[in-house]
Amino acid sequence: GAVAHTCNPSILGGQGDGCGHLVTYQDSGTMTSKNYPGTYPNHTVCEKTITVPKGKRLILRLGDLDIESQTCASDYLLFTSSSDQYGPYCGSMTVPRELLLNTSEVTVRFESGSHISGRGFLLTYASSDHPDLITCLERASHYLKTEYSKFCPAGCRDVAGDISGNMVDGYRDTSLLCKAAIHAGIIADELGGQISVLQRKGISRYEGILANGVLSRDGSLSDKRFLFTSNGCSRSLSLDPDGQIRASSSWQSVNESGDQVHWSPGQARLQDQGPSWASGDSSSNHKPREWLEIDLGEKKKITGIRTTGSTQSNFNFYVKSFVMNFKNNNSKWKTYKGIVNNEEKVFQGNSNFRDPVQNNFIPPIVARYVRVVPQTWHQRIALKVELIGCQITQGNDSLVWRKTSQSSSVSSKKEDETITRPVPSEETSPGINITTVAIPLVLLVVLVFAGMGIFAAFRKKKKKGSPYGSAEAQKTDCWKQIKYPFARHQSAEFTISYDNEKEMTQKLDLITSDMAGKCRISRTVLLDWRCRLWGREIGEK
């Protein structure tokens, strides 16, 4: 769990052997006493200086403090800045859950003497940019709101505590929030980040899965559950087995009937039944340069990967760890690296031949070609994969009309189970030129007004009675003008469609009303005030 100090300027110094779990990033981190949540050792010292960027204030949050001493003489926790001292804290004294310091740097000192019990401490910190900081120990059951946002610090993945559920169905409300967010791929453990939480009614059973180095457990019925809002870029990217998936080698086995079984790369799609892809070399000591390559056909945004082993009970093969390589047309292969240490990132793979494991890429991979390069495996390299991501959208300022499709959000068993922001579907047009919409609209308006003039003149000749017509006529005049070119009933609803060269359709719904002088055409074709003026003109004529 600890991060090498050489890579973290935010830890300026340290001494003693009483420090435990320690992860920091530029503006947040997590720190515990040794053995936490077990008993901290006797006669030990932990002293660390933590900082956030200069110009920011430091927020400290104590998630847990359990120090046996009542006098703070030999067992205590103390915070010291250049101008202030906070503590010492120990025993049963009231301790502030949050400290907002006037400085960007503080020294944390934990000291212990002889004692029998005590968990020690867990604290998180962040800069004043994150006033909604929580600790790694907060659970969703601590919050009553149905929707809220919090900031999780770096380093919550390896803090003790269970989560139940998964990113599709949601998590049991007893789960640790920040650990669940890492599991769901919302934040990276080494970075921390903002999470947006939605509380929903619980379900009868929660299914666990290994994801992003966190094992979620199966869970039983609960009153409440929670989900995370995401950017929506989490669809399954379709893989064509013919020509789209290649491998460095493949294996042929012989079944009980004496027939050859080919474990080809085309069998590496996770959704397919039958054996997986398996490499030709079964030795465990050869260089880890076997690979499975996927061509997505075009550059796409890849936010994660799901993997399984062989999926065959009599072939206990699976990949235990792997790295990711990627490239685009006419470029060299690159290795996916971690943000903090800029070294190649090794992902935790499968622990058996059957169960799927998910890993997310934060930040995402943007590439056409990707390779899974196994590093360690059990018996023989065997893989089935599913890539998760979305199309790349053009960052233009024009109106983009999107067709809605069920594939544009994460698949789920219930309608409300996965909440995502809108995602461009694979049929997205690069954009509609405003003129292609505006010109037909102008023509429509001119034609309608011309038709009104002719019709009004015709009515004037035909009708010599009251200048405003009968009450019944007032009621129906407006609708008649719209209805005139169309054979529809009074309360009908109809659609005018415009097709541009991309075959995208913009639908303009015309909604009628039987209120006198009120007719409207929605989505800015004809505004209500024009409609009312039009009705008045007809009446005056």
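Placement of Cβ uses the backbone N, Cα and C atoms for every residue, glycine included.
Annotated features in TrEMBL:
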type	residues	note
COMPBIAS	273-285	compositional bias 'Polar residues'
DISULFID	Cys19-Cys46	disulfide bond
DOMAIN	19-128	domain 'CUB'
DOMAIN	226-390	domain 'F5/8 type C'
REGION	256-290	region 'Disordered'
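The Cβ neighbour count for Cys46 (disulfide bond), using a 10 Å radius over every protein chain in view, is 26. According to DSSP, the secondary structure content of the domain 'CUB' (19-128) in residues is 0 helix, 58 strand, 52 coil. Cys19 (disulfide bond) has a Cβ environment of 20 other Cβ atoms inside 10 Å. Note on the domain 'F5/8 type C' (226-390): mean pLDDT across this stretch is 90.
Here the region 'Disordered' (256-290) is broken down by DSSP into helix, strand and coil counts: 3 helix, 7 strand, 25 coil.
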